[in-house]
Amino acid sequence: MPDQSTSNVTPLRARRPCPECGKPSARETYPFCSTRCKDVDLNRWLSGSYVIPGKDDEENDVSSSGSE
Ligand SMILES: [Zn+2]
């Protein structure tokens, strides 16, 4: 029976896979594996918040300020 004491060592931090590609995350770009994936995620996030153009007008209607 081989010595398994080394497999018992727990890392300081649980490594999370890159949310973009699933590769092990890098320390500098945590939780992403690279700046590229970080950029992709950031871009998606930014474009996601600007995906609704000209919603200002409807905001008055949709808002829940109509509580009489
Ligand atoms: Zn990645």
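Easy rule for this one: first residue shown is 1, then count along the chain.
Backbone N, Cα and C define each Cβ position, glycine as well.
Now, the feature entries from TrEMBL:
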BINDING   Cys18, Cys21, Cys33, Cys37  Zn(2+) binding site
COMPBIAS  1-10  compositional bias 'Polar residues'
REGION    1-27  region 'Disordered'
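Here the features listed in TrEMBL are painted onto the structure.
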residue	record	Cβ neighbours (10 Å)
Cys18	Zn(2+) binding site	21
Cys21	Zn(2+) binding site	12
Cys33	Zn(2+) binding site	19
Cys37	Zn(2+) binding site	20
Three-class DSSP secondary structure - Cys37 (Zn(2+) binding site): helix
